[in-house]
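Asks: Okay, handing you the structure first.
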């Protein structure tokens, strides 16, 4: 394999990895605070893409406005989801919360099938995103370069929010100890809502860019990326934002590289994430960056 | 106690007679749904054993069903049908001329699923709660991906068509005897298992793992037993489902299938055999009955346009409502017993 083709695969891997990273952050933040797998996160991601699609095609908005609207609406949707599906079960056994999450996920998917229709839709792509750049013999679609840049910007913003603002400090406190944070006068409910909002906004950003890179929208498009990104979060160490980013990149690069290095295995591409998950759970269940926790009686 | 056993025996015999009568009176379409009910009873009970009684939240059921269905299908099909199916790539030679009678193949299918369960359980059962759910879900996806890609054994994404009908002679009355016979066997087996010392240990693990371990229960052994038994019955159920449908392909065994079974178990009450049985029958029938939602309807003079997919929205919404407002489900952890009915009867007579 020539160097330029390798480089091309690398760019693809990095852009897929960035998308996974954006989604994985949503999982890891929610899990860090509520100890809950937000199964519906993949569907929030799907919703973001569809909102952007309809804003552009039905309402004829310019692309930047529709992207902004999609991010805001998805953010609101994430907060509503938390309020309806998870908040009433805050003190229930974890199995109930998980069933609720699975149920919410299927409800959103089935509603999406009813409302948007099961037929695949083509995401409209502006020329700036589909330009083909030629850099040193490597031809790259511009969107593959834009995705990592936007991801980097979003991550810097998130890093600032989590580490340098009051809300971020409260978020970290809640994830360390829920009860103690409440005793310190932190409004836990609004912090959780804020977390869901942030995670959903990131999912929307990821979804829009996913639509630009793989422009086929179906109501079930969030299912597989959702599962894989949860795995990315586990691989990186769940509850750890930096870990989720690393996990996302490992997953994205790994998937692309498997297909690139041995085309015979390309059918097993979807299994890669799950194999990785099982290896990580057996070798280091707390993930690459996670801390060990011991259950106390 | 004696009296209850006699009552149970009488009702089982009555039920078998009812099956034969129903087989004659109901049409083939209704009979097919009825058979499907029996299969879903098996599947719901096997998932309930793992999820409800041991408290392991497993989402890998579709994978075990796939193992059972494919094993049984490949063992019962005649060499000619196999050749017709595998037209893109020939089948592996060691499978080509194998043809076993249905009961043997069914049991082998179950055993293969149980082996898969044991292999998957060994590493996964050390995990807790949601990690376990994701890991089992992952394994079931891996099984599906492997089946999609091993074209020479499973015929890959094309799937297998022309599975022989359930039973030895291939007559229609035999199908209902097999599906509901195995369902009855599963019910009795589960009741006996839950009331044995193993069942008590399972419940102890569900309530509190650490306390159970302190009481001297071998956690891993009991979890493994439940998981293997659950996957055995899942394999049997999958095999029956495949043979009832007459065709299987990897896409059939997606997460959606597991979701349907989880739905049944939750609606019936997590940890109740009676609940699972009732809810399996009700859900399977209503899944068919609610097809009217997808089609056009005529109300008064107006034609209400049917919305394809509305049926599944109803079921997902139902699951959400049950889990949010009525977590016990239909039966909670209660079971059906004769004493309750007899007492009820006496009370009514007194009034």
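Backbone N, Cα and C define each Cβ position, glycine as well.
TrEMBL lists these features:
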{"type": "TRANSMEM", "residues": "A:44-61", "note": "transmembrane segment"}
{"type": "TRANSMEM", "residues": "A:67-85", "note": "transmembrane segment"}
{"type": "TRANSMEM", "residues": "A:97-118", "note": "transmembrane segment"}
{"type": "TRANSMEM", "residues": "A:138-162", "note": "transmembrane segment"}
{"type": "TRANSMEM", "residues": "A:191-212", "note": "transmembrane segment"}
{"type": "TRANSMEM", "residues": "A:218-238", "note": "transmembrane segment"}
{"type": "TRANSMEM", "residues": "A:245-265", "note": "transmembrane segment"}
{"type": "TRANSMEM", "residues": "A:271-290", "note": "transmembrane segment"}
Asks: Under 8 angstroms for C-beta pairs, at least 3 of them, ignoring pairs fewer than 6 apart in sequence. Is the transmembrane segment (A:271-290) in contact with the transmembrane segment (A:138-162) by that rule?
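Replies: Stretch pair does not touch.
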Asks: I'd like to know if the transmembrane segment (A:191-212) touches the transmembrane segment (A:44-61) in this structure, counting it as a touch only when three or more C-beta pairs sit under 8 Å and are separated by 6 or more positions.
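Replies: Contact between the transmembrane segment (A:44-61) and the transmembrane segment (A:191-212): present.
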Asks: Within the same chain, where does the transmembrane segment (A:97-118) have neighbours whose Cβ lies under 8 angstroms from its own Cβ atoms, ignoring anything closer than 6 residues to its ends? I mean 6 or more beyond.
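Replies: Cβ under 8 Å, 6 or more out: 34, 36-40, 42-44, 46-47, 50, 81, 84-86, 89, 217-220, 222-223, 226.
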Asks: Going through A:67-85, A:138-162, A:218-238 one by one, which has the most CB pairs that fall under 8 Å from the transmembrane segment (A:191-212)?
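Replies: Between the stretches A:67-85, A:138-162, A:218-238, A:67-85 has the largest tally.
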